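Copied over from TrEMBL:
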- 512-523: compositional bias 'Low complexity' (COMPBIAS)
- 12-465: domain 'Major facilitator superfamily (MFS) profile' (DOMAIN)
- 510-531: region 'Disordered' (REGION)
- 7-25: transmembrane segment (TRANSMEM)
- 60-80: transmembrane segment (TRANSMEM)
- 92-111: transmembrane segment (TRANSMEM)
- 117-138: transmembrane segment (TRANSMEM)
- 150-168: transmembrane segment (TRANSMEM)
- 183-204: transmembrane segment (TRANSMEM)
- 270-290: transmembrane segment (TRANSMEM)
- 310-329: transmembrane segment (TRANSMEM)
- 341-359: transmembrane segment (TRANSMEM)
- 379-399: transmembrane segment (TRANSMEM)
- 411-430: transmembrane segment (TRANSMEM)
- 442-461: transmembrane segment (TRANSMEM)
């Protein structure tokens, strides 16, 4: 019954997370395209096949990959303003259009790598904006009991996109002769999910929490009732709308409507610091060094032939998809956020140290043979990504979309996304040169970072499993529980939705319940009761 009750939430999630799928596809497709002989020929690159042994290929790889993440950084920043002013739906439409322009520039590139650079940066603007908005949009429409699972699908769609790109590149490498179409087909196919996202958004409704923030209570009630598949006068719908309105009013009363002052409140300041740090930790776990450069990483550990490294990359993506999906189905809402992050950090650190140790003691010497040591390192990479997929992959996106109040959620998630892209840029830009210069020590370095992640989670991450978005104010200490309960009662009984208006709803005309009295007419929260 849970799925059928929430099927509209899953439909919204499927459409919105096409943006996440694009994120994964666009990163996965270039990591493999860069290793194709046809791409190297068309752009006059050395035909090296041993990871980042060629400094020229390492430099080109740095630019092609990092320019996407640079665009994503700026897109995430722009999204914070668009998201707050235009709403979730209109902002997503705009950033999807920007992405489609970037994809067209990439696929039409003609022997000038600079055109690929421009296309990657423009596409990054769109992807960065979408990465800031879609977790908010989905979280604000989800019931609390399944929010972790549904919001975590952001990561599942991401890894599906990258895995599809890995296998597609393996297919074109295996079955198409080196030609310009061999690399244009994988790059051009990203226009399909981009187009589906753009069209699908026209059929979705705006976030009820954003509508409440704008004072559009009738539309918010109708939107929430639609997503919950209930009547607009259903007690549970009215209770949830009252809860949302109470939370928004508390934020207004605490700061007199000035958003920047809210950041300085201790509970909010703590949340912004956590959002920044959790994504810094995610990026320095080493996952994107493998995800963006998987074929070259596998070549580095001894799987040297292009087709073999692409096949190993495809298996890597498949393991990631399965592990992420399994964790979202049975893990995230059972084990919680904090415990999963702790176990994942410890597991990933151990795997990285094993890879570094084996590579140090048994470096690959024969490019025509895959040694037992190389097979062991490949297995460790797969085990590493299982740990990541059950912790640091999906949970940071879920966590930052949960912890912020409605009025600050777009800014908080934008900060988190911008942090993700900033350090994503730093890590992916330095990876080719680092492997080229320090070799096995890069795995040792990432293992140390994973151990540091464990320490951060142990001391600073609070458990949010099973709580409503409005409960976060209580968890982080900006509102007392008894104050919240009193405010909800006031919203229900002192004008949130009038009983005589509700009686006229659903009697054939399907009118939406009229709005409550204007916000300024509702008594302010007693300052003595606000912490």
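Backbone N, Cα and C define each Cβ position, glycine as well.
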The transmembrane segment (341-359) vs the transmembrane segment (379-399): 3 or more CB pairs under 8 Å: yes
Contact set, same chain, for the transmembrane segment (379-399): CB under 8 Å, 6 or more residues outside the stretch: 135, 139, 147-148, 151-152, 154-156, 158-159, 274, 278-279, 281-282, 285-287, 290, 297-298, 301, 315-316, 319-320, 323-324, 326-328, 331-332, 337, 340-341, 343-345, 347-348, 351-352, 354-355, 358, 416, 420, 453, 461, 464
Paired segments the transmembrane segment (7-25) and the transmembrane segment (117-138) in contact, 3+ CB pairs under 8 A: yes
Beyond the flanks of the transmembrane segment (92-111) by at least 6 residues, Cβ under 8 Å: 16, 19, 22, 26, 42-44, 71, 75, 79, 82, 86, 118-130, 133-134, 137, 184, 187-188, 190-191, 194-195, 197-198, 201-202
Residue numbers, six or more beyond the limits of the transmembrane segment (60-80), whose CB comes under 8 Å of its CB atoms: 26-27, 30-31, 34, 43, 45, 52, 91, 95, 98, 102, 113, 116-117, 120-133, 292-293, 296, 410-411, 413-415, 417-418, 420-422, 424-425, 428-429, 431-433
Intrachain neighbours beyond the transmembrane segment (117-138), with Cβ under 8 angstroms and 6 or more residues off its ends: 9, 12-13, 16-17, 19-20, 22-23, 26, 30, 63-64, 67-80, 82-83, 88-89, 91-92, 94-107, 109, 150-151, 153-154, 207, 397-398, 400-401, 409-410, 413-414, 417-418, 420-421
Contact set, same chain, for the transmembrane segment (310-329): CB under 8 Å, 6 or more residues outside the stretch: 28, 31-32, 35, 148-149, 152-153, 155-156, 159-160, 162-167, 169-170, 173, 290, 294-295, 298, 303, 340, 378, 381-382, 385-386, 388-391, 393-394
Model confidence over the domain 'Major facilitator superfamily (MFS) profile' (12-465) (mean pLDDT, whole number): 84
